[in-house]
Every structure is written in C-alpha cells, then in structure tokens.
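This report concerns only the one structure given below.
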Amino acid sequence: MSPDLTHRSPEELTPEDSQAIGDLARRAARADGVDPLNEESLLALRHRTPGRVHVLAHDQDRLVGYGTLAHGSAEVVTDPDARKAGLGGRLLDALLEHDPELLLWAHGDMDGGRRLAASRGMVPRRPLWRMERPVAGEFSELPPVELPEGISVRPFVAGQDDEAWLRVNSRAFADHAEQGRMTAEDLTARTQEDWFDASGFLLLVDDTRDGEVVGFHWTKVDQLPVGEVYVVGVDPERQGEGLGRVATLVGLHHLADRGVETVELYVDGDNRAAVTTYGRLGFERAAVDVQYGPPV
C-alpha cells in the first residue's frame, strides 16, 4: 500500500509533526552521510514560519517522507527503508503543483537525487560547495590579521546592532537567494539558537565614521572540533579595500582560539572570485550540493 500524502500549512503543523520530520531527517542523514534539510527548513519547522509548504508521507502511523517548499526552493527526504518505490517522485510532484518552476536541492549530489531531478526534466542550476581547512595541527598556520587604519573589530550586540547588520547584509547579498532576504525575525531566531555566541559574531566598524558597520564575520560552532564560517559580508561601498579578507581572517583566528580544529564554509561554486579567495586562504572543496531546476 502506497504511503498517504498530506499537505500541511505552517499553522497546521503540530509539535508531533515537527518531531517526526526531525527524526526522519536524522535517519536519512545516518544512511547518507549528509543532512537532507538545510538550516532554513529546520528553523521553519520549529518556528512554523509562514509561507512554506509542507507535504508529509505516512505509512500508517510512521512518517516515511517529507517535502518542503518556500521562496521557490524545495527539499525532499525519504526514509531509507521506503526508497526505490517512487515516493520521492510523488513528494516532488506534490511540490511542483504549488510551483512548477521550483528549484530542488540535492544535498551531497548523490545518485538518488540526480535520478529524481532528471526524472522530472530538471538540470543542474546551482552548485554549492562546502570547503574546509584546518586551523590546528601541522600546516594549519593562519596569516596574521592586519586591520586597515580606522577599522576595528567588536562583537555584535543584540538589540543594538540589528538594524545596522541587516542593512549591510542585505546590501552585501542583494543577489543571493537565501542570505539577502534575511529579516529581523530571521536574525532573532538564529540568535536564540543554542549554538549562538555573540563573541563569535564579529563586526568590522569604521571608527572614522562614528563606528559605522562596514563588514562582519559571523562564526558558528555547533559541535567541536568543527567550526563554520557562517557568513562573511562587506558593504559594497567598501569593496576593494581588502575588508573581505580581513573579516575572514578575524573569524578564523577566533575559531582557532575557541579550540576548533577544522573550519568549513559554504560558497556558490560558480562564484569564482570567492572560491579563489578562499582557496588562497587554504580552503579546499570537501563536498557539493546541487540545486536542480527546469532548463533555462
């Protein structure tokens, strides 16, 4: 008997639904070695973020599949014991009914994700690289931080710096599908996560302009010994001053001081300038996610 599909609005999601989806994602991650849902999707579950589509697949009382869609971006996850029976395709079709032009994430770009995308006529549209570098042990020495004259570094202060950071973030990521649309609510949700540490949310400020925020490096340590370059940004008005490299190094030194041994980051594989910059800082590609969509 085929699993039953149920559509849920964010308001209709129950705590039991969210728990079951989290359990399903963990089962899939153990089997595949990669998380099937990104941070935005997981936060949306916890906070029941408006405007998101949820499709749940139950085999009797057991959740065996889940699909989610928001802002034209979709993810699908199936239970390892319920695969190769067309369930992933059914979930994707349900999401395509809401948005025929959606883009589908294939985390880890494994064979199953490729086949699912190809079965619906989708082609690779956007590669997202995970890059890594050591910050402890042999061959891990970091270049020194050389702050430009007039620039200093301080931690983010919640309730004081929100508006200034959101302004720089939206300008720095105006062309970025996810990061550029971050709202005050999104910022607050992340600062309330267990991993959040204000001392690792570092702002570059211009002391000659009343402490104006001109760049930032938000680091993340969820579980040692791995840390993350969560997001680095520089105000476009200040590009060309070397602040991107400075911000990156400030955060890397902070992570090393916290006891992190390996730092990872995510970058669009098509962004050759960013890939080159990170490569010069010792980062190498470790994995890739691919977003699939209709042919352009």
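Glycine residues also receive a Cβ, built from the backbone N, Cα and C atoms like all the rest.
Here is what Swiss-Prot records for this protein:
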type: DOMAIN; residues: 8-146; note: domain 'N-acetyltransferase 1'
type: BINDING; residues: Val76, Val77, Thr78; note: acetyl-CoA 1 binding site
type: DOMAIN; residues: 151-296; note: domain 'N-acetyltransferase 2'
type: BINDING; residues: Val232, Gly233, Val234, Gln239, Gly240, Glu241, Gly242, Leu243, Gly244, Arg245; note: acetyl-CoA 2 binding site
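Known features from Swiss-Prot, placed on the structure.
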residue	record	Cβ contacts under 8 Å, 6 or more apart
Val76	acetyl-CoA 1 binding site	Pro36, Gly65, Tyr66, Gly67, Gly88, Leu91, Leu92, Leu95, Leu104, Leu116
Val77	acetyl-CoA 1 binding site	Leu24, Ala25, Ala28, Pro36, Leu37, Gly65, Tyr66, Gly67
Thr78	acetyl-CoA 1 binding site	Ala28, Ala57, Val64, Gly65, Leu87, Gly88, Leu91
Val232	acetyl-CoA 2 binding site	Gly215, Phe216, His217, Trp218, Gly244, Ala247, Thr248, Gly251
Val234	acetyl-CoA 2 binding site	Val168, Ala172, Leu204, Val214, Gly215, Leu243, Gly244, Ala247
Gly240	acetyl-CoA 2 binding site	none
Gly242	acetyl-CoA 2 binding site	Pro148
Residues in the domain 'N-acetyltransferase 1' (8-146) grouped by DSSP into helix, strand and remaining coil: 51 helix, 39 strand, 49 coil
Distance in Å spanning the most remote Cα pair of Val232, Gly233, Val234, Gln239, Gly240, Glu241, Gly242, Leu243, Gly244, Arg245, given for acetyl-CoA 2: 15
Residues within 8 Å of the Val232, Gly233, Val234, Gln239, Gly240, Glu241, Gly242, Leu243, Gly244, Arg245 Cβ centre (excluding the acetyl-CoA 2 site residues themselves): Gly215, Arg238, Val246, Ala247
Three-state secondary structure, Val232 (acetyl-CoA 2 binding site) (per DSSP): strand
Non-site residues, in chain order, whose CB comes within 8 A of the mean position of the CB atoms of Val76, Val77, Thr78 at acetyl-CoA 1: Ala28, Pro36, Gly65, Tyr66, Gly67, Glu75, Leu87, Gly88, Leu91
For Gly244 (acetyl-CoA 2 binding site), the number of other Cβ atoms found within 10 Å of its own Cβ: 21
